[in-house]
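*Asks:* Below you'll find the structure I mean.
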Amino acid sequence: MTQDELKKAVGWAALQYVQPGTIVGVGTGSTAAHFIDALGTMKGQIEGAVSSSDASTEKLKSLGITVFDLNSVDRLGIYVDGADEINGHMQMIKGGGAALTREKIIASVADKFICIADASKQVDILGKFPLPVEVIPMARSAVARQLVKLGGRPEYRQGVVTDNGNVILDVHGLEILDAIALENAINGIPGVVTVGLFANRGADVALIGTADGVKTIVK
């Protein structure tokens with residue numbers, strides 16, 4: 001199977017967690033896009049969705065799914081999203097698509113985080129994929145200096161402005177042995193909006209696309 005076929009398989013497999021009559025949290029990226037396609041087949045059974053990016057919102061609306069503002073929603077049963085890396089502790093690096101802040105906010109509200117990914121995203125140690133950090137523009141250089149002190153090589157993601165109007169620093173060269181400590185440290189740097197480490201709030205279920213089918217891992 002191609003990588004895209006594996007992504008499609010896990011996107012559709014996540015439908016089993018969608019309860020009729022609920023509002024579903026929806027992520028961003030190529031794997032989440034397959035889940036949105038699948039969710040379109042249930043649009044008459046669900047109340048709607050909360051979306052983590054403008055791109056996902058457009059796709060949801062194009063399929064006739066109502067998109068709610070998170071402020072109008074009391075709780076979410078599930079949040080379904082992909083990952084750039086996921087380790088054995090269900091901790092993830094996310095933010096390759098620059099939607100990390102909204103993704104993290106929605107994940108924090110959901111009862112259950114379902115990560116959908118192909119097997120290439122599974123790692124023993126996080127950090128080979130550059131760690132995205134969303135930063136207030138005026139703080140870019142100051143934050144970069146602090147990230148160097150933490151052992152990383154920050155690189156400004158040229159030409160990218162987040163849906164929140166901020167910029168992204170991608171931090172290379174990290175071997176993340178204590179993801180929770182690093183998440184807390186980076187989030188504590190003035191000017192950082194959030195870091196794409198999902199360790200304090202990791203995944204509850206991972207659906208991993210493999211050549212042998214979809215593998216389910218439960219925390």
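Cβ coordinates are placed from backbone N, Cα and C, and glycine is handled just like the others.
Here the structure is a predicted model, which means the values were calculated and not measured.
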*Asks:* Given that Swiss-Prot lists Thr28, Gly29, Ser30, Thr31, Asp81, Gly82, Ala83, Asp84, Lys94, Gly95, Gly96, Gly97 as binding substrate, which residue among Lys59, Lys121, Lys128, Lys149 does it place in the same site?
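*Replies:* So the substrate site in Swiss-Prot includes Thr28, Gly29, Ser30, Thr31, Asp81, Gly82, Ala83, Asp84, Lys94, Gly95, Gly96, Gly97 plus, from the candidates Lys59, Lys121, Lys128, Lys149, Lys121.
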*Asks:* Let me know how many other Cβ atoms fall within 10 Å of the Cβ of Asp81 (substrate binding site).
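*Replies:* If we count other Cβ atoms within 10 Å of Asp81 (substrate binding site), we arrive at 30.
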*Asks:* For Lys94 (substrate binding site), which residues in the same chain are close in space, meaning a Cβ under 8 Å from its Cβ, but six or more apart along the sequence?
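*Replies:* Spatial neighbours, sequence-distant, of Lys94 (substrate binding site): Asp81, Gly82, Ala83, Asp84, Leu100, Glu103, Lys104, Pro132, Gly196, Phe198.
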